[in-house]
Amino acid sequence: MPEIVNIISREIVDSRGNPTVESEVHTKSGFFGLASVPSGSSLGSQEALELRDNDHARFFGKGVKKSVNIINSTIRVSLLNIDVTKQSVIDEIMINLDGTNNKSQLGANSILSVSLAIAKAAASFMGMPLYQYIARLYGMSSNVYSMPVPMMNIMNGGKHADNNLDIQEFMIVPVGAKNIKQAIQMGSEISYSLKNVLNNLGISIALGDEGGYAPNLKSHSYALELINKSIEQSNYVLGKDVVLAIDCAASELFEVSTGKYVINSEKVSFTSEEFVDYLSSLARKYCIFSIEDGQSEHDWHGFSYLTKKLGDIMQLVGDDLFVTNPNLLKMGINKNVANSILVKPNQIGSLTETLNVIKLAKESGYSTIVSHRSGETEDTSIADIAVGTSAGQIKTGPVRCSERTSKYNRLIRIEEFLKDNSKFYGVNEIKNLSAQLWMYQNKNMNI
């Protein structure tokens, strides 16, 4: 029988050495699910609360014993003997048990670890892979799954690194690949080429939190030039095989007192409109098709201007802006702000809510990108979520560090298993990509 007979939680460590939560769910019939949750460093102010101990005698206050104890007592007792296949019912029980808007009583980390473990136990009970079970929960009718195109963060800055770059992520996107396996190969080759480019210039190859290189460079343009050079040295073509994407994490750059965006590495500051012009110039020159958090989460006027200026030719992603929250996404839809959402399950705190946000975004014409966090674990749930919802895109770092490659390896296995029942999202299906490619190819024209 699929009734829950036990839930066990423990404190483990993530890729930064910080504690996080892992949970097991066991059923009467002997099936079980195991899941752990990640943690971010650059946080949106309205993310669901990650419960920490704040006991500075352990892990500088970052321990999660409170969360573990809540799962092993309160949550466990509330879910015993419930059918493990009742995902939405179980998630609702935990959300109501918490009783707050931001999950501050039980903690989003507590609820999500159990929520994902529930799904894995249910998938095991039903004899299907997790992505197929998620597709069933999501209501996907097609038997053909879209494999997500990876957005690979190969150079880190901002809060993800101890260097001088203000832009937080510089990503390569292998849109010209035929399948996920080739996309991963391209990402690996370009990353190694970038290492050689940096080495030959005597530039540090130290790594940031997400495994990308974290050099000190004279400007963001120079960073993009080096990435372009690494693409060329890998025998790929920018604007054909590969395009670029950036995460500005602009909330970290926004100076509230002046209302300006401060780029310390280039010793300049911009108004909202000037920052849009700056980003537009970079995009046109370096074939950047996607800009994440190109304005502060508090600067809705700036985000509206960004969307008005670039929304028809680029993918404009809301991360801190939306924090995987349906109410904030609805506000963005109503105000015509951004055209894409980054989906981080731990920002909202349950699988059911995550799937509902993806559905809302897609129904509203927003593209969806399922994403990791800077502090990751070996859990591969986001790969299954990306496939099970045919999200289209995934962010899970460079092809380096096992907490990142575990997701890539999971995608390789899924694609191999699905064979003809999968298609790679690729160049023809990404929002506004064709328009951006045209702009890049005609960048010298006066248009």
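Placed from the backbone N, Cα and C atoms, the Cβ positions cover glycine too.
On a predicted model such as this, the values are computed, not experimentally measured, just so you know.
Feature annotation from Swiss-Prot assigns active site, proton donor to Glu210. Its own atom aside, the Cβ of Glu210 (active site, proton donor) has 31 Cβ atoms within 10 angstroms in the protein chains shown.
If you look up Swiss-Prot, you'll see Lys344 marked as active site, proton acceptor, on the strength of sequence analysis. Annotation for Lys344 (active site, proton acceptor): same-chain Cβ neighbours under 8 Å, separated by at least 6 residues, are Gly40, Asp319, Val323, Thr324, Ser371, His372, Arg373.
Long-range Cβ neighbours of Lys395 ((2R)-2-phosphoglycerate binding site) (same chain, at least 6 residues apart, Cβ-Cβ under 8 Å): Pro150, Met151, Asn153, Met171, Leu342, Ile369, Val370, Ser371, His372. Taken from Swiss-Prot, the feature (2R)-2-phosphoglycerate binding site covers Gln168, Lys344, Arg373, Ser374, Lys395.
Taking Cβ-Cβ distances under 8 Å and a sequence separation of 6 or more, the neighbours of Glu292 (Mg(2+) binding site) in its chain are Glu169, Ala245, Ile246, Asp247, Cys248, Ala249, Val317, Gly318, Asp319, Leu342. The feature Mg(2+) binding site is assigned by Swiss-Prot to Asp247, Glu292, Asp319.
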Using Cα coordinates, what distance in whole Å links Ser374 ((2R)-2-phosphoglycerate binding site) and Glu210 (active site, proton donor)?
5
At 10 angstroms around each C-beta, which of the binding-site residues Gln168, Ser374 has the fewest other C-beta atoms nearby?
Ser374
Using all protein chains in view, find how many other C-beta atoms are within 10 Å of the C-beta of Arg373 ((2R)-2-phosphoglycerate binding site).
28
